[in-house]
Amino acid sequence: MARHPWGMERYERVRLTNPDKVLYPATGTTKAEVFDYYLSIAQVMVPHIAGRPVTRKRWPNGVAEEAFFEKQLASSAPSWLERGSITHKSGTTTYPIINTREGLAWVAQQASLEVHVPQWRFEDGDQGPATRIVFDLDPGEGVTMTQLCEIAHEVRALMTDLDLETYPLTSGSKGLHLYVPLAEPISSRGASVLARRVAQQLEQAMPKLVTATMTKSLRAGKVFLDWSQNNAAKTTIAPYSLRGRDHPTVAAPRTWDEIADPELRHLRFDEVLDRLDEYGDLLAPLDADAPIADKLTTYRSMRDASKTPEPVPKEIPKTGNNDKFVIQEHHARRLHYDLRLERDGVLVSFAVPKNLPETTAENRLAVHTEDHPIEYLAFHGSIPKGEYGAGDMVIWDSGSYETEKFRVPEELDNPDDSHGEIIVTLHGEKVDGRYALIQTKGKNWLAHRMKDQKNARPEDFAPMLATEGSVAKYKAKQWAFEGKWDGYRVIIDADHGQLQIRSRTGREVTGEYPQFKALAADLAEHHVVLDGEAVALDESGVPSFGQMQNRARSTRVEFWAFDILWLDGRSLLRAKYSDRRKILEALADGGGLIVPDQLPGDGPEAMEHVRKKRFEGVVAKKWDSTYQPGRRSSSWIKDKIWNTQEVVIGGWRQGEGGRSSGIGALVLGIPGPEGLQFVGRVGTGFTEKELSKLKDMLKPLHTDESPFNAPLPKVDARGVTFVRPELVGEVRYSERTSDGRLRQPSWRGLRPDKTPDEVVWE
């Protein structure tokens with residue numbers, strides 16, 4: 001049987017006490033057996049109680065003693081339990097909401113044998129509509145199980161006439177329960193009215209066997225078809241709940257074939273568990289729209305978004321690139337470090353008391369904790385006293401990682417499990433190396449620094465990327481300042497006279513730059529890998545993106561190097577930027593390699609300098625930063641004079657006047673979580689040659705379907721020819737409007753060095 005997502009929750013925060021206490025004397029059933037039953041049945045039970053206020057009926061001393069109902073959640077209840085409040089005439093009652101296996105474990109620990117819920121769920125903290133109808137078939141004195149089943153089939157027939165499905169249960173007490181899922185939720189009052197009419201209709205059709213009246217004196221020899229439990233204020237024993245009877249019976253889902261069996265009887269908890277492998281959840285369609293637990297369910301249950309600055313997203317996490325990590329210094333009750341690795345839309349998290357080991361000679365404890373949201377990659381702040389994890393948290397390091405092995409058992413904290421293993425190579429500013437996390441037992445893992453594998457091959461290097469920001473507050477003591485050159489980013493691998501040039505995406509582009517052949521001779525005594533920019537210069541010697549787009553043979557194109565990644569068999573990725581810069585300048589001294597001068601002064605002076613020189617902007621680099629291939633790092637900050645944005649072409653409009661035979665404007669978008677977002681049109685900045693070239697390139701990409709995630713505004717949709725979103729360009733613009741459009745965009749050119757999936761808002 002496939003496991004339901006609810007079954008993946010952990011329960012290490014619930015400690016079972018008095019496991020040997022006998023709760024069912026007639027069978028000797030202990031509290032430990034009850035606890036194990038609820039843990040085992042949670043995968044199918046939780047969807048039918050999720051989102052609903054839970055009333056518990058407790059037998060702390062067993063079913064031979066008195067029981068009591070408990071609605072109000074005690075102040076001592078754990079903070080991670082989800083809550084919901086209902087205001088009654090007598091006041092407000094706060095109920096537990098059991099959305100997880102762990103929550104059901106808490107119910108069992110309290111000896112709450114019976115779980116009762118209404119037929120509605122909370123919605124945004126308030127009482128929502130009924131999602132299902134329930135009929136309780138309560139037998140009067142002398143009524144047999146066969147007669148109950150006869151009435152159940154009659155109810156089913158009436159529901160079928162209404163195009164509604166009906167699901168039967170033996171209640172575990174005396175009667176039967178029938179559940180009817182509602183395709184469209186209705187008010188509890190509406191559900192009660194419908195159920196009452198069905199009951200009254202059967203009472204009229206079968207007056208000797210059915211009554212819809214609550215008066216007990218009228219029930220002898222009849223089945224009371226109880227419709228009243230659909231009232232918003234009433235509850236019903238939950239499917240799969242134990243019953244507080246002499247024997248540990250269960251409100252057990254049954255098949256309709258069983259309801260026709262004259263030998264039908266109530267089932268014990270062990271029998272219900274045995275049936276799971278054969279039948280699965282017979283009620284699965286009943287609550288198919290239940291709020292599905294995801295990997296952040298436990299995380300959310302431990303935090304109140306109104307009380308903590310931590311991110312508490314409501315959305316189900318979406319899978320990302322599985323390549324980011326963060327280490328946070330957490331000044332909680334005890335100082336420790338939290339390692340978080342992006343995986344399948346969440347951050348798999350470990351508390352590491354002494355941080356990751358620095359050498360291969362030592363191992364350190366790492367305690368697995370609940371998955372955290374992706375937003376936690378950037379979280380820092382103070383968690384208030386009284387909240388989970390209270391204390392100050394700062395980002396100690398962050399970066400990217402590569403995976404060799406990532407095995408985290410589904411039952412992460414099973415005390416008998418020791419099969420988890422993670423091997424990753426971390427690329428951060430402080431941590432850079434190969435690490436293993438090995439599960440020793442349950443939630444305890446071991447963190448080990450491994451020997452690094454052979455250095456990455458030069459042909460595998462990807463460019464390090466800068467983060468958008470302002471350099472105004474940066475000082476020259478900590479930061480170096482370079483010009484941001486208006487060209488194409490390239491990686492050059494010069495190996496003793498052999499030259500290879502790759503674009504930012506790794507595409508081989510050696511043939512596109514015949515002007516760089518001389519570098520092979522200039523660097524013939526070395527094997528060197530350089531990072532830099534291919535630039536086309538205008539008449540005044542300033543890099544021009546327009547010239548780069550439309551370069552002719554006579555266009556002056558140069559390679560401007562600004563970093564060195566490899567030299568004669570040695571990787572320089574871990575060297576400080578200051579040391580790499582010295583090596584680069586020494587390599588260029590007296591040769592043909594161009595290394596542009598750094599900019600003078602602090603951040604403001606550097607920006608003023610590039611304004612006067614008409615450069616694109618400034619890139620600030622920390623003197624002590626390492627080179628982090630393929631990662632957008634906060635160690636490099638780019639600050640542009642002009643607003644520029646990479647865009648994806650999603651269509652074009654016919655021109656007018658002199659452009660009537662070609663393109664008048666391009667229709668632009670930026671990829672996002674929901675698809676390609678329309679950001680406007682651009683109709684200026686083109687040369688006639690560019691427009692002709694664009695038309696030829698877009699013609700084979702024609703499509704009848706819009707590539708955008710929403711219909712275009714009417715004024716923009718008129719006369720549009722849609723194309724497949726495969727070409728990337730760049731525009732300059734004045735500002736971004738509140739609805740996500742680019743104001744006054746001007747075309748700068750195509751970006752053949754970029755792919756659509758690389759385009760994001762800058």
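Using N, Cα and C of the backbone, Cβ positions are placed for all residues, glycine too.
Straight from Swiss-Prot, the features:
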- K484: active site, N6-AMP-lysine intermediate (ACT_SITE)
- D486, E616: Mn(2+) 4 binding site (BINDING)
- 750-762: compositional bias 'Basic and acidic residues' (COMPBIAS)
- 14-260: region 'DNA repair polymerase domain (Pol)' (REGION)
- 296-453: region '3'-phosphoesterase domain (PE)' (REGION)
- 463-760: region 'Ligase domain (Lig)' (REGION)
- 735-762: region 'Disordered' (REGION)
(Q) A 10 Å Cβ contact count, applied to the binding-site residues D486, E616: which residue has the minimum? (A) E616
Q. Within 10 Å of the Cβ of K484 (active site, N6-AMP-lysine intermediate), how many other Cβ atoms are there?
A. 18
Q. Per DSSP, how many helix, strand and coil residues does the compositional bias 'Basic and acidic residues' (750-762) have?
A. 3 helix, 1 strand, 9 coil
(Q) In whole Å, how far does the CA atom of K484 (active site, N6-AMP-lysine intermediate) lie from that of E616 (Mn(2+) 4 binding site)? (A) 5
**Q.** Local confidence of the region 'Ligase domain (Lig)' (463-760) - pLDDT mean
**A.** 89
